């Protein structure tokens, strides 16, 4: 009993509790926190094991979208975009990174406020600003500011001393570092991220031990961190009213894009931009090259006054993921593919005030040997791919342009990185001469011997010659023109081009002769393919010829009939000139595509003059010659229907005094038109008549309502509905005091019981009122003692009594 310490009532039920209770409560809270953390860690492990089988097929972007379904105001920032960053701050473990974390932000602040504040400062501008929000849309009080480079982030932190003042509140800035991913390992064969518990690669079955052994020490984190690698990049912070043309104009110095390469995301309701756009290129290599160019710009890229953030568009495909080591080699191979596009854009990008200088890897630099090896592999691959393709010829200029296999120019979006020189640089292209500058060494005395096999030309080793404007090849002594892709031999004064099949330089004269002769087998194949096309082209040319002749004949007849107005004469002249020009064009040109483009316009003009011919052309197909024969036969027969000697119309059986009257009859008479229509229909077959009637039915509008009115007549309009009017019935209400107050009321009986008699006043000495109190109507807005506030009206008075009393009161006031 002595050892037991009893707790008093005061200690047990005090206001703040006893000290023992507080100690026990603190210990219980610490145990619960440890238990929660252990449970969270174990649940994470169980969740990782549970989704082991299909997590490999999902990208981190989808996982973040599942975890964070809310979006910010722009529509493309989610709360989970920085889910892999460490939010906890430890000054001792802080490392520099290009992402800065802002803590302690006001709840009412938005991303636009942070972005405007950042842009107001001088110095490097951020690439992206993301405010972290809860699922309800309320700010969590911190944001991430991402810069393009690490140097920009460090200089920003040093300039602001790791502190900012936003809306009068001091904000602390810290570097945000990604959490280390020790649980994942990267397969070196298929570049797939696998969980730490998986001993073999999920895709290719490679051993985990082999992948860990190949990773050099000290690069574990860099090898395990995987970036996205695809052919599409995303442009962020797009203005709400930016159009696709503005994006193409901003990216034109760095890439050759088409409208279908850019996808601008808009809101379905407001039709305004949601703040981001996608740019898809021909390959992932081109996308990585463009991304490097845009991220290295100083100042950063701006579109419509907005600083644009650039990054890879995160795809759901795991095949596009490459480690850092493999990406370096891919960039080296991509540089060779982009070289051809850089040459082709020289003239279009160079202006009058400056020239374009392209920088290539020169001998002696780091990685030049590896760069050359990848270039040769890339060129050999495309030589094999392009070996069976034929070179296209230009039909308009007449010159033959051959595409070299060494410099493959793709029709997909092309990349070119250029550096403009000062305005004082020479821009005119001079004729190449034997004397070279210091940058181009002297040509070899032997020169290029036709027929000798040479190595594939490497455009990266060429040196720019300022005196001639060409690029000099030190291995062969030739000058290279990037615009025409021809080589110039200064010794023989001859132009050459590279033939990938023969692996030699061929003179341009031989190329034209070879192009004209061609191979018999190829020629026969082309003739077989072009037979139906040439037949269709001949038919179109014949149609044009007939149309031109008919239009000119109508013009002559119209001139002979009478003198028209000047405007009509000019219009006829333009139509005839258009017909002649169209016919001449179709006689000269052999391309079917151009004929199909010009034919509808010319036929449309001719249809106004000859509606029946338009129906005939629509009824027949252009592949048969029966149509041509039929039209020619009808025209010849129609010409015989007029006797120009007797000045008579044989169809209508009428004779006219002169030629002008006969022409006017043919052009303006309704009778002649009806007879001509009947005559033409009689010459057509049943199938042709059905086709003509079908077209007339389609062209003519049938007014069914008018036909119905003619058949049944117009019905009489219905009588308008009258609204039913109900007379409000009189309501009999109770009027007990209309004839005065009698003795039977309760008040009278009570007063009589207290000693009051009728006719005497109230009070002890009967000095009070003798008449009962009546309700009087008072003027609205007037006080109780105001003059004229009451006219002696009561609630039982009629309108006539009220007017009479009011008039009497005004009369007494005047007195």
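Backbone N, Cα and C define each Cβ position, glycine as well.
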Exercise. Out of 647-672, 673-698, 699-724, let me know the one Swiss-Prot marks zinc finger.
Key: 647-672
Quiz item: For which of 394, 437, 624 does Swiss-Prot record the feature phosphoserine?
Solution: 624
Quiz item: zinc finger per Swiss-Prot sits at which of 181-210, 211-240, 241-270?
Solution: 181-210
Exercise. Report which of 296, 315, 621, 798 appears in Swiss-Prot with the annotation phosphoserine.
Key: 621
Quiz item: Hey, which of 78, 534, 744 does Swiss-Prot call phosphoserine?
Solution: 78
Practice problem: Sort the residues of the domain 'RRM 2' (231-315) into helix, strand and coil with DSSP and give the three counts. | Solution: 23 helix, 28 strand, 34 coil
